[in-house]
There are 4 protein chains.
Amino acid sequence: MTYFTNINKIKFEGPKSKNALSFKYYDPQRIVNGQKMEDLLRFSVAYWHTFTADGSDPFGASTMVRPWNHLQGMDLAKARVEAAFELFEKLDVPFFCFHDVDVAPEGSTLRETYQNIDTIVSMIKDYMKTSKTKLLWNTANMFTNPRYVHGAATSNNADVFAYSAAKVKKGLDVAKELGAENYVFWGGREGYETLLNTDMKLEQDNLALFFHMAVDYAKEIGFNGQFLIEPKPKEPTKHQYDFDVATGLAFLQKYHLEKYFKFNIEANHATLAGHTFEHELRVARINGMLGSVDANQGDKLIGWDTDEFPTDLYSTTLAMYEILKNGGLGKGGLNFDAKVRRASFDVEDLFHAHIAGMDSFAIGLMVADKLIEDRVFDNFIDDRYKSYTSGIGKDIIEGKANFHSLEAYALTLGEIQNKSGREERLKGLLNQYLLETISELATV
Amino acid sequence: MTYFTNINKIKFEGPKSKNALSFKYYDPQRIVNGQKMEDLLRFSVAYWHTFTADGSDPFGASTMVRPWNHLQGMDLAKARVEAAFELFEKLDVPFFCFHDVDVAPEGSTLRETYQNIDTIVSMIKDYMKTSKTKLLWNTANMFTNPRYVHGAATSNNADVFAYSAAKVKKGLDVAKELGAENYVFWGGREGYETLLNTDMKLEQDNLALFFHMAVDYAKEIGFNGQFLIEPKPKEPTKHQYDFDVATGLAFLQKYHLEKYFKFNIEANHATLAGHTFEHELRVARINGMLGSVDANQGDKLIGWDTDEFPTDLYSTTLAMYEILKNGGLGKGGLNFDAKVRRASFDVEDLFHAHIAGMDSFAIGLMVADKLIEDRVFDNFIDDRYKSYTSGIGKDIIEGKANFHSLEAYALTLGEIQNKSGREERLKGLLNQYLLETISELATV
Amino acid sequence: MTYFTNINKIKFEGPKSKNALSFKYYDPQRIVNGQKMEDLLRFSVAYWHTFTADGSDPFGASTMVRPWNHLQGMDLAKARVEAAFELFEKLDVPFFCFHDVDVAPEGSTLRETYQNIDTIVSMIKDYMKTSKTKLLWNTANMFTNPRYVHGAATSNNADVFAYSAAKVKKGLDVAKELGAENYVFWGGREGYETLLNTDMKLEQDNLALFFHMAVDYAKEIGFNGQFLIEPKPKEPTKHQYDFDVATGLAFLQKYHLEKYFKFNIEANHATLAGHTFEHELRVARINGMLGSVDANQGDKLIGWDTDEFPTDLYSTTLAMYEILKNGGLGKGGLNFDAKVRRASFDVEDLFHAHIAGMDSFAIGLMVADKLIEDRVFDNFIDDRYKSYTSGIGKDIIEGKANFHSLEAYALTLGEIQNKSGREERLKGLLNQYLLETISELATV
Amino acid sequence: MTYFTNINKIKFEGPKSKNALSFKYYDPQRIVNGQKMEDLLRFSVAYWHTFTADGSDPFGASTMVRPWNHLQGMDLAKARVEAAFELFEKLDVPFFCFHDVDVAPEGSTLRETYQNIDTIVSMIKDYMKTSKTKLLWNTANMFTNPRYVHGAATSNNADVFAYSAAKVKKGLDVAKELGAENYVFWGGREGYETLLNTDMKLEQDNLALFFHMAVDYAKEIGFNGQFLIEPKPKEPTKHQYDFDVATGLAFLQKYHLEKYFKFNIEANHATLAGHTFEHELRVARINGMLGSVDANQGDKLIGWDTDEFPTDLYSTTLAMYEILKNGGLGKGGLNFDAKVRRASFDVEDLFHAHIAGMDSFAIGLMVADKLIEDRVFDNFIDDRYKSYTSGIGKDIIEGKANFHSLEAYALTLGEIQNKSGREERLKGLLNQYLLETISELATV
């Protein structure tokens, strides 16, 4: 069956195209710095937002007009798989991601849930045989069902911990079965509502125990995907334990888990934590922990996770800058953890939204590549820090200085001269590169 | 004397120029929709940030390296005037703005302060005879001196009210003398720290009395400039009375002042109030109250007024969109109420910063003009609201409907059909217009 | 049928009681400044949060354990009415509030919806004959159903406007029928998601037309309740038109609606708008527009509406201070627009929550009354502003001064002397009054 | 010389006292759980806010009326020391804290700066011989002077690193000389303005090198005080490296510094980072890193560091709860890193403010102690987590479970039962304890 009947395969038509249903900038086969754009970007569709979500919000009911709206249960689940692979092909995306409950409904027992998952996973596996689209990552939803009201691995209820373990065990089996490149842990309700009723230490100790069990089980079954933690500061809980990358890092180091995990960084989660997207990417990068990206955007004037499709070209450029500097994302990718607005309820909007996101990241890639190639910021930075390449600066870096030697040196100094940080000039350059890179490409 | 010895007149060199000290996009004589760019943009330099500010912040001392740093008192004030007109010419800006204390130091008495102002105003007037640069607006600083610790026109101390009246009287005399196109009231400390010690009603009544006196005096002396209120939600006080445009409008309406005032809207103040810049412009525009603009940008992750030079092209585009839709700013202009970062302390940075801001608004102008010319959003909106152009919708608009007729109509309706809001598509189009407009211009 | 089988009527047992299911401070018959506490506080239960809401959130399913969970449709609606009046009596609350859809399910047609409403309203009316609990206000839910995806009275779709008119017409009929003391308009989706697709002027003009029709219809049917607008800055839309009290006031004044409306002020909406609860109450009060209160609290570190039961004694004290200064709320009341946390899912928690809220406002009332009786802040403020009671200050207030007379006066002044605002002392006094008032009451 | 001529020694007069210049709740010799209140609270005066700050803000000049305002240079510095010890005695505070530049002006050379410090430190040491007031901590101001425009240990300029090393070396010498119980590192400008010009990795590596040198030097000179890092998320820089406790912990762990440092936690810095004060205390506590406290409060509606004196009794209660649970602060204390409001400019306000803060923490101590003594939250928490004390929960905690055993167990479970988190009840109890504890004390 065809679900998106009026939508043809989305093709690259170049920046002057008036066809809404075409890529203007994303050209999968275009070579950027020796690699194909599609290999550099590794886009992924988020199953939950695109196939499962219905447009409801805390103040409103479902709005999404979908060809599978009349179905229920496993019939619905199967239709979504069919629709998904149709969309993957029409958008030509190389990856997708899902939570267990996105693809298969929970049964009345855990065993029945397993069966539902098995049925759908088998169906997905069949589709994957003939599809180019692979599984970037899967995960277990451990926050929707009321059993997780107090958390999953951090629940005060040991039964919930056990149940969650069973869910992740199954998730890892599925990941192995489908060849997932990563497995993601987003905290869900791993956090607290009020300290008045919370034993934070026990909860975090338990979370670490849980992660160690997951690491052990992955080894046992030979799952080679990368484990990823996805930080978020709040929502649904008032305080999520994986607040941001730095917090996650402190946790992993404390519990000796840092070599098994990297981070899946989401733009909107970064801004909710008071950071820019690029800050979180940078922190992960310089700690060797940049694993994957949830490519979306938030609204900094809004205090909840809006999960918008990424269209801000500053954000996509600076994100791709960090990613290229990281040597790419390895097993990771750019997963559109983004939803069409509640008022964008047509099937067509799903395509407009993904096109907007893919074009925006393609632009970001091209601009970032050019900025790096021309060493625009690198040269400035090299010059800015060059005092550490000789003399007292070199001594410092090389561990040859101490407070005595530095004081002796400082006492010889007259007034210290600094150089301007040139922030306004650099921002002007960023604009010039944004516009000129694309302008030049347009004329090629 | 020459102050900016290594800086030549900044010229338009086009988007490919590698010369940092050139305009890449701002081409004053370029015709956009029948008008010169410089007439559409009406840029203004803010005297305080560019000539008076020294880079100090709550945690740090002065950093700015300026050729007038060795001077004091009236010598300093005169040097700044000389430097100002040199910079105005080198940047080719048509306007400037100042507070009284920016140009002339306070004396030990009010009378001496008046004399200082007279001396400098006379000097400025001389410069203006041969300069193209005019006074966009002036204003009185009624917040720095400790006498204003509890406010100016809203002070609990009637002496302070009287003193403030004298200051504004002088300010209006100066405005008249120098041919200012506007006179601005920014609230300064007109607000409160804590309600526990505040009579909000008396304070706001007094503020209204003060404004009426200003209106009367302007009439008396024949000052024809536009009066402007500049909203800001907080800082320096915890709660400023002119929180945002809507709050200012409620105040003006209540006290029958709305026909004498428009708004001077600052981007960073908008975001501190929880609004986008374009929101505030829109609210003012549809109420016929859009007077002028303080062109800067803030950082939405930062909770204080950062007054950065505007470089975000989304912001400049959407701002120019509102301004063009308003038929321009009339007597108003785009005043760079923006400061170089504390670490951008070279004289050269003043030029980099203004160039970045002017180029960014020039780009915004060109993109906005093209969006309007092509009716990109207009056509979509016309179609979106077309139900109000006939039938029941027309009846509603024309005041012919009431709850009875509408209920009768509603009872005949089946399921109501809405159309998608297409937000993602519109954002994609905005990006395409941003990049393609500039790309096309580059090749012209 | 009894729904809250293990809960007896909640009684006042005094501050030392260890019984969780008792009032410690709320003593309905206690006389405070000549009036009964229950008459001063006019508590109201919010039907939606207490009987309709199920604990679901954007990341999770229903958690609430309720004795009516097994029912559906009209059976469910009827059971809730029964349970409601049981709870009203057990809590001894004098008022309740509801949206139409809280009490009666929508039918498949508007006509069927009307019938459902009629059935339930008739049942409620019967209950009210023997209950002390009256209807503080009702309202129409014009945000949940997908037809309101683009707003109700501000929808781009005239059919939605008409449908909304029918809903409010019915709401006013119900208000009249049940003797509601007020009728509330909360903006719901009256706002915008993006300016790119929005005609803000037309939308606001339409909203004003809608309000005028409501005013006309209320007159026609002789509904004498107070109309209330409930401001909220954002959520569900990115920008709600009734941002805060000042914004609402500007709107009402512009469209000549100010004499027909007052404000229903919600604490959590105030803080989302960047104001304190008491600020919004003060602004409404000094403009003669303080109508009613949605008594809850938010978490200022959280960017969405958490609708918590009010327990912060500073907030309840300062709110009651404004309310007492307003001479009470007239037809308004203190409506607990508050929900038990998702993890507080027992029926018992509904009682704990209301007890906590009622005790907290009772404390606030007693402390505020004492602060006013002792003129703690009044005396300070009188002294602080006394310069306006004679001399130049009196001239200013009485309209006898102008810029000439004030300048002449100012030129005679030496250094102006201000007095300390004493904020720290006043905050210390507030703490002392909070603790000592209650301490003294405890020993009575 | 006497500076605070109209202020007598502040004495405990009990909660009913009308004397503004008395303690109502802070009774230093009162025994709380076997210890004197003054030993449990370890209050400290912040030299900078109380003796050095002048009331200026980014929009206004100095307002503070101080008896030393006519002095300059070393004369001023000496007068402040005299005044400080007078205030310490009149407030009876056991500790004080300072930055080097608070007590001694910078000289024209580093050597001269050293001399100034030596002179003042010698004077302080003399005072300390006869004073009960000891040095809680000192630190080096490495942010005010323009040389630190790009940071200190994280500056791009190696000369600045060296100069900073000399400053901290001297600071440690002073700490040793005066018997400081701690030495504090607050990040100042250790952060960044824009990533475009920043080598974050090099900067953080350098910061770690700097800390190691400080550790080495302290060992060398036998300084036994506790090293403390004071996190702050932003201000003055857009992004401070020591964002919050978790970020600081990640840094310390990465660079093997965790055994040498604890945290100095400031309430206002916590809220700027999006956390409650008690959250930061809890995170530090469960990681064994709670060192000391900067006792102040912010305004969560305000986005900058307001450094208000702490008067919120919820905050002081929950802070003291964490501190008591930590077994106290050890070498740490409660330092009033708080400033009188700019409008509270009298000398008397310094006393009002400290009294308000000390009384508020005394109340917090008494309430927290009672909550712990009665095991109000402890019992609830023990019960809430009891599933981990036997059966599968015990297996989990003891490391005996794995994904296989847990899955096997989960498959046997029916619907999982959770218990309510009772947040509303717990908040009601907190209020009851706040009011009743103090009420009971008042009658003793």
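Keep in mind that glycine also has a Cβ here, set from the backbone N, Cα and C atoms.
As recorded in TrEMBL, the features of this protein are as follows:
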- D:His99: active site (ACT_SITE)
- D:Asp102: active site (ACT_SITE)
- D:Glu230, D:Glu266, D:Asp294, D:Asp337: Mg(2+) 1 binding site (BINDING)
- D:Glu266, D:His269, D:Asp305, D:Asp307: Mg(2+) 2 binding site (BINDING)
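It is 9 Å from the Cα atom of D:Glu230 (Mg(2+) 1 binding site) to that of D:His269 (Mg(2+) 2 binding site). Highest local Cβ density among the binding-site residues D:Glu230, D:Glu266, D:Asp307 belongs to D:Glu266, counted as other Cβ atoms within 10 Å over all protein chains shown. Shown in sequence order, D:Trp186, D:Lys232, D:Asn264, D:Ile265, D:Ala267, D:Asn268, D:His269, D:Val293, D:Asn296, D:Asn335 are the same-chain residues outside D:Glu230, D:Glu266, D:Asp294, D:Asp337 whose Cβ sits within 8 Å of the Cβ centre of the Mg(2+) 1 site. Looking only at the binding-site residues D:His269, D:Asp294, D:Asp305, D:Asp307, D:Asp337, the one with its C-alpha closest to D:His99 (active site) is D:Asp337. When Cβ neighbours within 10 Å are tallied across all protein chains shown, the highest count among the recorded positions D:His99, D:His269 belongs to D:His269. D:His269 (Mg(2+) 2 binding site) sits 11 Å from D:Asp337 (Mg(2+) 1 binding site), counting Cα to Cα.
In the three-state DSSP classification, D:His269 (Mg(2+) 2 binding site) falls within a helix. Residues within less than 8 Å, Cβ to Cβ, of D:Asp102 (active site) and separated from it by at least 6 positions along the same chain comprise D:Tyr47, D:Trp48, D:Phe51, D:Thr52, D:Asn141.
D:Glu230 (Mg(2+) 1 binding site) falls within a strand segment according to DSSP.
Cβ neighbour counts within 10 Å, taken over all protein chains shown, single out D:Asp294 as the most crowded of the binding-site residues D:Asp294, D:Asp305. In the three-state DSSP classification, D:Asp102 (active site) falls within a helix. DSSP assigns D:Asp305 (Mg(2+) 2 binding site) to coil, not to a helix or a strand. You'll find the Cα of D:Asp307 (Mg(2+) 2 binding site) roughly 7 Å from the Cα of D:Asp337 (Mg(2+) 1 binding site).
Within the same chain, the residues at least 6 positions away from D:Asp337 (Mg(2+) 1 binding site) whose Cβ sits under 8 Å from its Cβ are D:Ala46, D:His49, D:Cys97, D:Glu266, D:Asn268, D:Asp294, D:Ala295, D:Asn296, D:Asp307, listed in sequence order.
What surrounds the Mg(2+) 2 site, by Cβ distance within 8 Å of the Cβ centroid and not counting D:Glu266, D:His269, D:Asp305, D:Asp307, is the set D:Lys232, D:Ala267, D:Asn268, D:Leu272, D:Asp294, D:Asn296, D:Gly298, D:Thr306, D:Asp337 from the same chain.
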